Amino acid sequence: MLANSPPHTDLIATVSNRFHFKAIVYILVILFGLGTWTNLAGVWIQLPIITPILPESWHLPAKLTLIINSANIFPILIVFASLVFKFNTSSFEVPVNFVLLCTSILFAIAFAFLWDKTADLFGTKQSVYLMGLCFITAITDCLSSTTFIPFLHRYEPIYLNAYFTGEALTALLPAMIGITQGIGKSDCVLFGNETNGTLIEVHHQPQYSVQTYFLLLSFLPLSALIAFTILQFMKTGRSKIKSTPVKSEHKPSSIFILMDNIEDIDVIQNTIATINNIEDKFKKPKKKPNQLKKFLMSEPGIFLFIVFQCSAMLYGVCQGLTTFSLNAYSVTTFHYTIITSQFAYPVMTLVGAFIPEVSSKIIYSLYAISTGLFVYIFLTAKLSPCPPLVNQMFGHLIIFFVWILMNLTCSYIRILMGNYFRKNLGHRGLICFGIATQLGALIGATTNFALTNTFELFKERNICDKTLQCF
């Protein structure tokens, strides 16, 4: 062997090390994704347990949905300010992310000890501590949409799917903890004698308390904070392509006409007028069509509307209808549907890793399917306390799978849209994607709150009321 032969073994080792480092970064980005929406996901998992206990009862999901989504106004204002004043948000994404992750840990501990505390508000008892914590937590989580995802613009595109995987686990892991916790039982106990007595629903504790649940949940944002700290010291996976301004190939030009031996003044004036007209055509910009209308009719505009409506349906309206659509069937149906729905996003994230892009026709088909499923969910809530097939197991199965399919289709649409805007519009596209999601959820929650609390369109069902007959 020659003394100067290429070191093949070292080259293979170097490539292997790079692969291992990239795999480590991929795992760290997944853990980083655990830092957002974890606490609020835990609140939704606990709804079947806390709804019968807290004074808001079946109206609790609608109020929490409005409070949580009203926090969306803060990141929207930040983004609009960045557009108006044209400052770059990337400069403070890292310190803001550190603050958000630390507060997420503290809020999980606060939920554990304050979720059932009530206070008098407007003459009635209200779960002000739970609602206050949800509002503040929602602000930090919504801000994370404008700092977490754009922060990943520094990395190669493959790590965006890693983040979506971590974000999906913020629903999956709280759900798995909820499975071990269980739902507890409820019985109808007779108070008084058999003639004048009243049947009252009595609830029994699950395997462990709500307090223990949130303390266990606090380890998820803690792992996200550790992972994000490690990422700051690693350069592996960073994107090496930097966008450079495109220089225009068109240069301003002037028109010169050489006039010689022109004696007629009229000819001179006509020539000057012609020159002026030609120069005006070059100087005056052509009238552009309505840019807003043009954008709304374009593919990115239509896709933003789909993101907006899917967010309004799933994160705005449906979340506020969980009790009326599911609890009307049974608390068991309510519990296991909420738990299983949390698996939809991780499953579709896995699908998105292998099929990150599909044709526009498939996207429109998924959008139409999700809209149809939403209509059925809304009808079951409207027909509460006697939704379709409420006394038959087949009815329980139908509403269970409708909710699951609704979560599956909307989750996949979200992943497809995230990849689309990341690929075609870059950093600004991801911000628009996040804003459309938040704005849709806010409008959906506001609409649902009005229908639920103002117009009282939906009715509760008392399982101990034997006079109510549903056929």
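The backbone N, Cα and C atoms fix where each Cβ goes, glycine too.
What TrEMBL says about a protein is an automatic prediction, not a curated fact.
According to TrEMBL, the protein carries these features:
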TRANSMEM  23-45  transmembrane segment
TRANSMEM  66-85  transmembrane segment
TRANSMEM  97-115  transmembrane segment
TRANSMEM  127-152  transmembrane segment
TRANSMEM  213-234  transmembrane segment
TRANSMEM  302-322  transmembrane segment
TRANSMEM  334-355  transmembrane segment
TRANSMEM  362-381  transmembrane segment
TRANSMEM  393-417  transmembrane segment
TRANSMEM  429-451  transmembrane segment
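Under the criterion of 3 or more C-beta pairs below 8 Å, with sequence separation of 6 or more, the transmembrane segment (393-417) and the transmembrane segment (23-45) do not qualify as touching, having fewer than 3 such pairs. Packing against the transmembrane segment (334-355) from elsewhere in the chain are residues 41, 44-45, 47-48, 161, 164-165, 167-169, 171-172, 174-175, 178-179, 183, 322-323, 326-327, 399-400, 403-404, 407-408, 411-412, 415-416, 419: each is 6 or more residues past its ends and has a CB under 8 Å from a CB in it. Annotation: stretch 213-234 has the most Cβ pairs under 8 Å to the transmembrane segment (97-115), among 213-234, 302-322, 362-381.
Among residues of the same chain six or more beyond the transmembrane segment (213-234), those with a C-beta under 8 A of the stretch's C-beta atoms are 21, 24-25, 27-36, 38-39, 42, 45-46, 94, 97-98, 101-102, 104-105, 108-109, 111-112, 115, 166, 170, 173-174, 177-178, 181.
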